[in-house]
Amino acid sequence: MSHHPEAFSPDATDLASLVACPSCDALYRMPRIAAGEDAVCQRCHRVIAAPRHRAGMQIISLAAASLVLLAATLFFPFLKISAAGVHNATSVLDVVLAFTSDELAILVLFTTACILAIPALRMGLLLYVLVPLVFDHPPSARARPAFLLSERLKPWSMAEIFALGCAVALIKVRDLAEVEFGPAFWMFAGLVFLVLQVQRNLCSRSVWDALEAATPDAPPTAATQEHLT
Amino acid sequence: MMADTPIPTTKEAGLLGCRYCTRVWPSGTKTCGCCGSKLVSRDLQSLQKVWAWWLVALICYVPANLYPMLRTSTLGSVSQDTIVGGAITLAEHGSYFVAGVILLASVVIPILKFLAIAYLAISVARPSTAREGTRHMLFELVEYIGRWSMIDVFVVAILSSLVHLGNFASVEPGPASLTFALTVVFTMISAQSFDSRLIWDQQEFEKDTDRAH
């Protein structure tokens, strides 16, 4: 079920109760929405807030699980290939190190970042920000810049694109050799699923509300923060 | 549809909206008190940034198509495939679907993305007749789909690390893999630099002219 926020009326003076659509700048009074409902911009249909029931705890468990999977993925064989009696197995680390010739060294960095470092960093940052909030502790030091960084890194986390790339690569070498998935491939597929679940549960407006509410001198603005925990 | 109840914007209300945490601040505020982002009512340099990254991306896209993406050696014979050449080879082997995916991700999407970003940047700089909602959807599509072009770079990375079978077969990345990756990165930055709020400002011009009449 989706709500349209109530249009701004000029007599409102309390800025904390207002919300600006980040995509089209439409101004609204923040509606009180229940967990599971979405606040959607009337003009450009961007989702402004989408609090989910017990989202904080779910994100913490999903992020922790994805970090474990990510670490395990590194060391197990990812794909195995054999042709004419010759075998080769490759791990995610090998894939990342494929671009080792000098002129392509920058691609090593970039591929590592997109498929390993950024997904891991984002999950780590979310844990760092959310664990104190969910367990009613004072927010972590520099929790706000940490969450902002996690938000800005979102488009650069490309684990799901890499997973589809595996399928394409597999079909490309099908004629040349026999290829099979190693255990790390299934772990990586699980990781992609977990990261997408984190995304489904994460409502950044709720996190900002909770961060503001947890800072003593900030005015109480939280309309959605109660759904986080 | 919504013409009878126009939705006010933070700009019209003399306020500033944060593009990261949706908080609203009085105009003149420099940084968002909630998330610490820089606050700008409209990013006036936005279009310059968009065009700069767009041009760099276009420059990188030329060698990305001319140089080989992959060097494949099988039993002593070496073949070098460009993006389009690789897709043609796949189609010749009967893998029409994968050839289609590669062509879509590496040729059709990048070209459409170049055209879409250019169209959006031009459309906000002069009066446009296209509906705001349509243009906004185009922008969201460009932002969402653009990343998927990276798939070809990842395929090259996977093949180069996987296919090491001694003299029988081996695959190495070609120079186009770097320039193509750069093309994708720069078009992503170009699209991210675009201030989508500019699309909706023209609605306000129209509102203003309506009021004047």
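We count from 1, first residue shown onward.
Placement of Cβ uses the backbone N, Cα and C atoms for every residue, glycine included.
Copied over from TrEMBL, here are the features:
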- B:51-70: transmembrane segment (TRANSMEM)
- B:96-124: transmembrane segment (TRANSMEM)
- B:145-164: transmembrane segment (TRANSMEM)
- B:176-194: transmembrane segment (TRANSMEM)
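Ranked by the number of CB pairs under 8 Å to the transmembrane segment (B:51-70), the listed stretches B:96-124, B:145-164, B:176-194 are led by B:176-194. Here the transmembrane segment (B:145-164) has Cβ contacts under 8 Å with residues 69-70, 72, 83, 101-102, 105-106, 109-110, 113, 170-174, 177, 180-181, 183-184, 187-188, 191 of the same chain, all six or more residues outside its ends. Residues 43, 46-47, 49-54, 56-57, 60-61, 63-70, 82-83, 106, 110, 113-114, 117, 120-121, 139, 142-143, 146-147, 149-150, 152-153, 156-157 of the same chain lie 6 or more positions beyond the ends of the transmembrane segment (B:176-194) yet place their CB under 8 Å from a CB of it.
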